[in-house]
């Protein structure tokens, strides 16, 4: 029987759920709308009676009296699992899942919890391996026949399931429907804006009003309890007195029936009164405990905030004392620059009073090495030839076709902001869900920051011309490291893109490549990126940014795989990003570090490169921001060693085998011959007055420059970002709130459409990206967004009719 048919018989409410979960030997028989409900055999009797009471009220006789008795025990799920119970939000047990045409249906252990349905091959497997999970908030549940049902999210996940019996199937379907309703409700209550609402004073006032209302209702319930008992006793006494009077036989019969019904009413009322009394006692007892616990937690939070603030100040004093007592290298985060440069910073050291108001300012002093241009070397890493370097004719053509780009933006205003008042509520939270004013931002979106990975695109141009795959891998590794060079002083936060926001960068004439980014998901925030070059390479990635504030530092973890494909050879490289850490969030000078390892793999040849980003330490004698690496062939033999820093340069050395005592190669790796040293990459100098322009590089300064013909969803057209770039921060904050509210309304509209489609039993397509398609990657087998094409064709025709209105 379909779920809709079952709901029509029993009617809504917990009684129906209890009947479905009844643990008797047979299914409970649902009583008619008029009265008596006869239960099925076994302990299902109690459930059958409760359903009868819910459907039409107690009937005469024992059936009606039973309804006032104790409630049935919580039901147990079929096949040895726990049932949906009263909440219908958790269940586990065995079901048969369709696998393929060879194996057919296979027995699997299913677990329903928190709106997610997961399955395992066995119950023991729950500890370590989940075979699949589907989110019920966006899923459709369809009943096929007495035992079979289907769960599908309209995408790649569809479960064809079979229960052992119709009753067991219905228990699962009911539990799934309830879990789905709860998941959809929770989703509707979540904040779409990417900036989760913090607990404001208005929220606290509303919470206190709610508590007062609840207390008032509990008192009303207590009063009604006493009134029911009082009037019930008076009614019974009046009926008894009426029965003792001498009246005609017909009247006596009627009075007797009324008395019987009054007796049943008294029994039912007494049961309700007892339940109310127990609830009141329990609520009053626990209310006092909860109030004490709440007050205790409030006091603890205040003490924790005060302690943390004090520790942060002490830490800042210790750092200053350490810097004063120790001479650090010029390139450490704590001492960037020389005394000669301090006059150019525009401000001196902040006082202790200013520390707690310190904002995401980048380091104040910076030493720019002389002649820090991007130097090109030959493609042959041994240094013998220069096949890969651009010839003079090509350089001349580039200079002629190069468009004039802007070289400056309005200087950053000096607005003060109490950072601690905001950040103390963010400890341990995902920062993409915390509302932040634009004071924390730089006037670029995350899509534009992602495009900055292409700043040193010529490394891929050189790699595309390499004939040796191991040499090619060295240039790919240098390109990977170069993408972090723009972060060294960039301590401000980019704008969170709106869902559907895009950013294009067309440098086909000047540099031979063009790039497109699109925000394909909002929670979790994810951006897809595709860049293609006429010089023989394609770069694509989908990056999800997760971040956590730990009190003293902020961790930013990019999740996702980056792909680089070279057209001529078919070499396909993949790698992932390392963790970025922002230190001294509360007080002290902010500084950024990169740490972790990157494994770059050539999926065609099996060559690998392992890069290690060494975390900075005040007490280490190592070079700050150090990166080391090795390039190996499929057998594990090391051919090249890489050395450098992620903020300045990368070099490589050809590894020569050392002759062992017995004449053989020792460990197949040897000294790094000085004559084989090749400079793979060196950072370009920052523009003049970069410290006043958010430390933007030459490329970053051009990214938000207005261009004609872009899509209406392009980041350059985002009004709050443009206002911030122009120094109108108050207006930018107001505009940011408007855009977030508009996005929130769009999300609620989609959810309402999904809910209606679910109620109507019609399929609903969830949100899909416009220019990217989510599918399984042929190399990594991961689900990712891959460019579907048509963007540049639409731009040429200026046909943007399919673009959403997000600004």
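Keep in mind that glycine also has a Cβ here, set from the backbone N, Cα and C atoms.
Per Swiss-Prot, the residue from the list 82, 379, 715 bearing the note phosphoserine is 379. As annotated in Swiss-Prot, coiled coil covers the listed stretch 291-326 rather than the other ranges in 255-290, 291-326, 327-362. Feature annotation from Swiss-Prot across 164, 389, 708 places phosphoserine at 389.
Looking at 216, 386, 432, 802, Swiss-Prot tags one of them with phosphoserine, and that residue is 386.
For the ranges 61-86, 87-112, 113-138, the feature annotated in Swiss-Prot as region 'Disordered' maps to 61-86. Listed in sequence order, the residues of the same chain lying 6 or more apart from residue 314 (cholesterol binding site) and placing their CB within less than 8 Å of its CB: none are present. Averaged over the coiled coil (730-760), the predicted model has a pLDDT of 89.
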